[in-house]
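Enquirer: My questions all concern the structure below.
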Amino acid sequence: MNPRPVRPGGSLQQSLLALGSLSVAVGLAVWQQRTLGRGRSDSVTAVERPETTFSDVAGLIEAKEELAEIVTFLRDPERFRRMGARMPRGVLLAGPPGTGKTLLARAVAGEAGVPFFAMSASQFVEVYVGVGAKRVRDLFAAARKASPAIVFIDEIDAIGRRRGDSQSHQEYEQTLNQVLVELDGFHPRQAVVVIAATNRSDILDPALLRPGRFDRRVELSLPDRAERAAILRVHAQDKPLAPDVDLDALAARTVGLSGADLENTLNEAALLALRRGGDEITQADLEEAVDRVIAGPSRRSRALSARERETIAVHEAGHALVAHQLASADAPRRVTILGRGQMGGATVLAPDEDRRLWTRGQFLDRLAVLLGGYAAEEYRYGEVTTGSSGDLSQASALAQAMVTTYGMGKSLRGRAFDANGPVSDETSRAIDEEVSALVSEALELASRTIANAAHLLDALVAALLAEETLDEARLAAILGPRPARPAMN
């Protein structure tokens, strides 16, 4: 064994060098954490006084009425104290994306004339532990100093997810805990209201929703027809509209679009008008803009064989014809064989009035419309194509919901089943049989409707092949008046 020579002091020098490297690494990490935390914390204290008011928010009447009390409290908190009334510390705005949650929060601050501190919940959290909690403390400290004030936390589900959830994380939980501490720590004389927004209220931690925290909940839903018309008018105020523009008609065919979608529709229409060199937005621009928002731009350059083009026309004509002939179905408003996105063509349907309740008969008509393209292909060619795959998926999902959610089956009438819950093999087979029976019944209805009005199917197909797109007026000229719709079918 040959011992290795060791220079005097070598091990000490190496130890000191290693210790120095470790100190530098730790120092850099601490500096980086403080720098990042400080940089983002400084942005937390940025404050504004919005000029937005409730008059800038079209629709949402009930939500504005609910929040008017918050405005009164922020304007005159002493009045509430004299009455011994405790205002909610937190207000949760819950609803689908684009329904105006942020706009409404800004309008509350604008109406009250108070400072508005806004952050997205995802901005609180970094990879470093403790940074999120520090930003929460900084945000609430700034709001207390500026009292009366509003703190707005957008997408609070980013940090407010139910603790113990498989997708939760230690830093998110610490940040949530700090938010809870701050909500509990308000002094009675501090007029600070916290407004949070979420699309997923179902996953929020119950501790957020208990009294004294976010104990006032305001649900925002997609706008109804009257609200859509009001939203369109608000966003059309600064845009030149041609005399043929009918915003009420546009509101009728934009069922399911949010306020943000409607704003985007008008902006798209303005861009389309500029693209064609026009000085005004026409109804045609608006119709094309709706199609773009819903399904994307048309694909005119896509090469199709004559048979494929005809098949698409037959398929879309089938949807439109069944929708027109069935009294309880939504009316066809626009049909096109121009491809958009992954779709070969499209049939746009819209009810004469918004619905809140559906009967089994109405759902059955809706199923028949979904299967109208399938039935038309089968009637014309004796076989079907892959173009019906999306329709079949939607029809199957609706039939499943009718049986398992709405109790509209026959052998399982009046019963509901948890979609993710366990059921016996016998019940599972019964559900499958009920769903299959509903789809078969709807397909038979669609096929019978098309066979009884084959001349109208031929007329629609010919018009689509010649014109590519048919609007509501053109459809009415070809198909004639619709059957009278019963009040409840």
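Placement of Cβ uses the backbone N, Cα and C atoms for every residue, glycine included.
Swiss-Prot lists E316 with the feature active site, giving sequence analysis as the kind of evidence. The feature ATP binding site is assigned by Swiss-Prot to G95, P96, P97, G98, T99, G100, K101, T102. The Zn(2+) binding site annotation in Swiss-Prot covers H315, H319, D391. Taken from Swiss-Prot, the feature topological domain 'Cytoplasmic' applies to 1-14, supported by sequence analysis. Annotated topological domain 'Extracellular' per Swiss-Prot: 32-489, in sequence order. The transmembrane segment annotation in Swiss-Prot covers 15-31.
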Enquirer: By CA-CA distance, flag whichever of G98, K101, T102 among the binding-site residues is nearest to D391 (Zn(2+) binding site).
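Expert: Answer for the nearest of the binding-site residues: G98.
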Enquirer: Can you give me the same-chain residues 6 or more apart in sequence from P96 (ATP binding site) with a CB-CB distance under 8 Å?
Expert: N199, L220, S221, L222, S258
Enquirer: Rounded to a whole number, how many Å is the Cα of H315 (Zn(2+) binding site) away from the Cα of G100 (ATP binding site)?
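Expert: Per the Cα atoms, H315 (Zn(2+) binding site) and G100 (ATP binding site) stand 37 Å apart.
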Enquirer: Long-range same-chain neighbours of the residue listed as 'active site', Cβ under 8 Å, sequence gap at least 6?
Expert: V335, T336, I337, G345, A346, T347, G373, L464
Enquirer: Return one of helix, strand or coil for T99 (ATP binding site), based on DSSP.
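Expert: Reduced to three states, the DSSP call for T99 (ATP binding site) is coil.
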Enquirer: Taking the Cα atoms as reference points, how far is P97 (ATP binding site) from H319 (Zn(2+) binding site) in Å?
Expert: 29
Enquirer: Rounded to the nearest angstrom, how far is the Cα of G98 (ATP binding site) from the Cα of H319 (Zn(2+) binding site)?
Expert: 29
Enquirer: Beyond the listed site residues H315, H319, D391, identify every same-chain residue whose Cβ lies within 8 Å of the center of their Cβ atoms for the Zn(2+) site.
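Expert: Here the nearby residues are E316, G318, T347, L370, L371, G372, G373, Y374, A376, G387, S388.
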Enquirer: Sequence gap of 6 or more, Cβ distance under 8 Å: name the residues on the same chain that satisfy this around T99 (ATP binding site), in order along the sequence.
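Expert: Sequence-distant Cβ neighbours: L60, L220, S221, L222, P223, S258, G259, A260.
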Enquirer: Cβ-Cβ under 8 Å from T102 (ATP binding site), same chain, 6 or more residues apart: which ones?
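Expert: Correct list: A118, F152, D154, A197.
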